[in-house]
Amino acid sequence: MDRASLRKQLRSNRQSLSAEQQLDAAKNVSVVVCGGEAFRQSQHIALYLASDGEIDPRYIAEAIWEQDKFCYLPVLDQEDHNKMYFQLYRPNTRLVNNRYGIAEPELDREKIVKAEALDLVLMPLTGFDEKGHRLGMGGGYYDRTFAFLKQATKPMLIGLAHECQRVEEIPVADWDVPMKGVATEKTFYG
Ligand SMILES: Nc1nc2c(c(=O)[nH]1)N(C=O)[C@@H](CNc1ccc(C(=O)N[C@@H](CCC(=O)O)C(=O)O)cc1)CN2
Ligand SMILES: Nc1ncnc2c1ncn2[C@@H]1O[C@H](COP(=O)(O)OP(=O)(O)OP(=O)(O)O)[C@@H](O)[C@H]1O
């Protein structure tokens, strides 16, 4: 299957999950992530606000705040549509909707944190395979933002997903930046 058809199929898989399944998955993925070595060793952790049936990292955000670590969210540039930044996310951070209807901190160029300063990035995805290949929403934001990882070791990229987003093989593109692993409601693939 080509990337576009696969993306469509896998988005429909996650959109079909019930509210109860979503809640269970959100709790379980937080246990999988927060019990792991990568999380324990990280101070500066990026995640996302769930949309379109994505597995919800909210309990991971709560654990980050409780443990006095720092949590960050992606913020899109309204002028340069190719750019994505990261800004601090606290319980009281004011959020606005981006052009895809996803809530994000209001862009403040003085508050942008360099992607290189993050320790761990928990990435949204539409599909993944056990080799760490990722299919996103098709905007290429994460691939562009983390293209520098071909020559760097930090941050560590870990995808978050429902089991129903796992496939045998994601067709790779040459710009794809591989993930170190993927956490689901069931287990860690790494
Ligand atoms: N929760 C979450 N936040 C995120 C991402 C994500 O995948 N999930 N992103 C990860 O990159 C960035 C946003 N990227 C996105 C790219 C495309 C679409 C999207 O819905 N595309 C529509 C059609 C686009 C259009 O309106 O022109 C679609 O495919 O139906 C959404 C988000 C930053 N924030
Ligand atoms: N490093 C890069 N440099 C230039 N263009 C890139 C780069 N990475 C991705 N792109 C562009 O982004 C487009 C979308 O890529 P792709 O389909 O892999 O997105 P995605 O990983 O699904 O999306 P996202 O990361 O936003 O969730 C590609 O058509 C490609 O042209």
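Including glycine, each Cβ sits where the backbone N, Cα and C put it.
Less than 8 angstroms from the CB of Gly139 (ATP binding site) sits no same-chain residue that is six or more residues away. Taken from TrEMBL, the feature ATP binding site covers Arg3, Ala4, Ser5, Leu6, Arg7, Arg134, Leu135, Gly136, Met137, Gly138, Gly139, Gly140, Tyr141, Tyr142.
Residue environment of Glu54 (substrate binding site) contains 24 other Cβ atoms, counted within 10 Å of its Cβ in all protein chains. Taken from TrEMBL, the feature substrate binding site applies to Leu49, Glu54.
Overall, the recorded ATP-binding residues Arg3, Ala4, Ser5, Leu6, Arg7, Arg134, Leu135, Gly136, Met137, Gly138, Gly139, Gly140, Tyr141, Tyr142 cover a maximum inter-Cα distance of 20 Å.
In the three-state DSSP scheme, Leu135 (ATP binding site) is classed as strand. Checking the binding-site residues Arg7, Met137, Tyr141 against ligand 2 with a 6 Å cutoff on the Cβ atom leaves Met137, Tyr141, in sequence order. Only Tyr141, of the binding-site residues Arg3, Ser5, Arg7, Leu135, Tyr141, place a Cβ under 6 Å from an atom of ligand 1. In the three-state DSSP scheme, Tyr141 (ATP binding site) is classed as helix.
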